[in-house]
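These features come from Swiss-Prot:
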ACT_SITE  D193  active site, proton acceptor
BINDING   I14, K15, Q16, G17, A18, E19, A20, K21, V22, K54  ATP binding site
COMPBIAS  140-152  compositional bias 'Basic and acidic residues'
DOMAIN    8-289  domain 'Protein kinase'
REGION    134-158  region 'Disordered'
Amino acid sequence: MAASTPLLSRGTLIKQGAEAKVYALPSLFPEPTTYHPGSSSSFSAASPTPVILKHRFTKTYRHPTLDAYLTSQRLTFEARALARAAKAGVTVPKVVWVDEKAGVIGMERIEGWSVREILGGGAEGEVEVIEEQEIEEDVENKAEDSAVREEPEGPESEGLKALKNLGVTQEHLMRSIGAALARLHKTMIIHGDLTTSNMMVRLTPGGSGPYEIVLIDFGLSSQAQFPENYAVDLYVLERAFASTHPRSEKLYAGVLETYAEGLGEKKWKPIQIKLKDVRRRGRKRDMTG
């Protein structure tokens, strides 16, 4: 029996995608209880830390050897990418468990709201861990739909109200996103699935600021080799904004502005050129189908 089996059996399945199942647990291990001899009283240790377990289950359509290899490679890189990002000052979930053989990675559960929810994109749907090309196609198709459909402004989300009560504007939020992405790309890691669903806003009472941006779900992350790799990461986010948040051009412009400042002109210039190329290819693809 794999070491992760008891953990998965204790967890509650909260999301399922094409590549992984996500479970929630109140803590990684059962909360210990201390009993005093000669007394019926007892007390528990400090409050447990809620965790998320992501299980990359076996793909029966793949050869077992290939499946085990790919699962191990992706899981290992995800764990290393999270550790490297955290070391560079990017706020990401803490990794608390890695079972390479079973394909399970455990992380702290982030309490807060996704940027998607805050900007009125609705509740989160299924999490699907899919290939980067499929992500781009799906995002682009949704973007086409939103371009021809005007959506009415909905009520303010709970997260947006909480930020407003702290004096935080949407513009400030966009700048924080841009700064977080710049820190990530400085590590030469690309996220691979940059959407507003994969960015959490966590309030930080007593911290240096009222909130922080937490980047989550590094299942498609990879090592960047060329400026175009960063440009594609940014383009996926741009199309996600257009798809989920109508009239978001100004918001995304704030993300890019702060991102460029964070990277510095020398590194930003080649990425900016490639981003324009990627946009042109995307528009051509939209027109030709």
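Quick reminder: no glycine exception, Cβ is built from N, Cα and C everywhere.
If you draw a 10 Å sphere around the CB of A20 (ATP binding site), it holds 23 other CB atoms from the protein chains shown.
D193 (active site, proton acceptor) and Q16 (ATP binding site) have their C-alpha atoms 16 Å apart, to the nearest angstrom. Whole-number maximum of the Cα to Cα distances across the ATP-binding residues I14, K15, Q16, G17, A18, E19, A20, K21, V22, K54: 14 angstrom.
Confidence over the domain 'Protein kinase' (8-289), given as mean pLDDT on the 0 to 100 scale, stands at 85. Most Cβ neighbours within 10 Å, among the recorded positions Q16, A18, V22, D193: D193 holds that distinction in the structure as shown.
DSSP classifies V22 (ATP binding site) as strand under the three-state reduction.
In the three-state DSSP assignment, the secondary structure recorded for the residue listed as 'active site, proton acceptor' is coil.
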